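Q: These came from TrEMBL, pasted as-is:
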- 6-64: domain 'Proteasome activator PA28 N-terminal' (DOMAIN)
- 64-88: region 'Disordered' (REGION)
- 105-247: domain 'Proteasome activator PA28 C-terminal' (DOMAIN)
């Protein structure tokens, strides 16, 4: 039994050492490349016109419907000899109910394409922030009295990584909420096809979403750069928090 426990402990220790090496390479090599890659995508996105985001809504506006033999309400009613209205000019009763006569109402392909490009970057950021958080936790020494300045630097950096992880999760939530909001407005357009404000709401929502995607890229680029910068400047204290080094946290 003891030999099995020793074998498990050895495997865990090997995992931790490999994890620390992988994460250090991640911070020193991968993070700078991520900054450049995201910046490239960001520049491509902002170079495109905001008007390109508009997509056709495949729900036509139906023609006004009047009862058989009726006339539009704009025509004057005939007044009889006794002063009563003639029944020959009926008031229009609305339009026929439509069941998506043009077929499927598709998502905005322009936004969907950009969202699919951004989503893997969000997932990477979440994973990388989590790795940094765990990497630093493995480097934290046992609790002792005094000489804890380096440990405070580790804790501050962990807090930064934890904040990045939390914010990146909200990006995914924003993506899903956009599709839900757009679907609700589409159903309103199908129910009230004559109301132009609903159609304008879709255009405004699509423009807002592409701006949000741009902001996500900008924030992710900055988060990678910030994590790389703070870790690079304080690498000695993060790896050896109780060395003789007394440099301050940048």
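Cβ coordinates come from backbone N, Cα and C, glycine included.
What's the neighbourhood like for each of these?
A: Using DSSP to sort the residues of the domain 'Proteasome activator PA28 N-terminal' (6-64) gives these counts of helix, strand and coil: 46 helix, 0 strand, 13 coil.
Residue counts for the domain 'Proteasome activator PA28 C-terminal' (105-247) under DSSP, helix first, then strand, then coil, are 117 helix, 0 strand, 26 coil.
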